[in-house]
Ligand SMILES: O=C(CO)[C@@H](O)[C@H](O)COP(=O)(O)O
C-alpha cells in the first residue's frame, strides 16, 4: 500500500435498498458517513438483472448535489451511456472490460466527458488482462461476487488479485464489491483494497453509521500498518 496517496473510502451500494425511496435512502447513507455513492447500473444483458440508467441518476443528482457518484456500469455497451452519465454529473464511470473491444477508446471518451475512469473485472477474469490499460485508469474494481445481485457470498479467493494490484500499482485506488461487510473487511484491507463497496451489510443494518465506521477504520488501520 502507498499510504501517502490512497485513502480508505466507503461507498455504499443502494442496490438492496428500497429503490422506491432512492433519494431518501441515498441521502441517509451519506448522512451516515459514506464517502461516496456506488450506483449499480445493469442492462439485463451483461448481467441477468435490470436496475436504472442515467435518467434516474440525473434525478438523484438534482437532489443530492454534493456527493461523489460512481456508476458501476454492468452493461454490454458502456460507450452508449457516457454522455448521459456525464450529463447527470457522475464523477466516476466504472465499466467492465470484458465485453469491450476498444477499452482504451472508451477510457478516452469517459475522460473527455469529464469523468474519472474505473475498470471492473468479473471473478473469472484474470487481473493481468488490465495491465495494458492501467495508465488510463483512476480505479480498478475487483468483483468479489458474480455481478448482478446484492446479498451474495464474498469470494475470498479474489484477494490475490487485490494483493497483486497493490504490489504492482501502489498508488492506485483499488475497489472491492460484493459480500463485503464487517466479517469480510479484514481480508480486503490486508490485501490492499482502499475503496470499499458494501450493499447489504450497510443498507440492512440497524446501525449503518457503525458499519461504515468499522469498514473505514479497518481499511485505514491496514494503510497505517503498511506505512510503519
Ligand atoms: O455490483 C454489485 C452486484 O452486482 C454490488 O454492488 C452489490 O450490489 C453489493 O451488494 P452486497 O453484495 O454488498 O450486498
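Keep in mind that glycine also has a Cβ here, set from the backbone N, Cα and C atoms.
In sequence order, 13, 38, 39, 40, 41, 94, 118, 120, 141, 177, 197 are the residues near residue 72 (divalent metal cation binding site), counting only same-chain partners six or more apart with C-beta under 8 A. The feature substrate binding site is assigned by TrEMBL to 13, 72, 148, 149, 150, 151, 179, 199, 200.
Over all protein chains present, the Cβ of residue 38 (divalent metal cation binding site) has 27 other Cβ atoms lying within 10 Å. DSSP assigns residue 38 (divalent metal cation binding site) to a strand in the three-state reduction. The feature divalent metal cation binding site is assigned by TrEMBL to 38, 40, 72, 177.
Here TrEMBL flags 40 as active site, proton acceptor.
The active site, proton donor annotation in TrEMBL covers 177. In the three-state DSSP assignment, the secondary structure recorded for residue 177 (divalent metal cation binding site) is strand.
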Nonlocal neighbours by CB distance (under 8 Å) for residue 200 (substrate binding site), same chain, sequence gap 6 or more: 16, 150, 151, 181
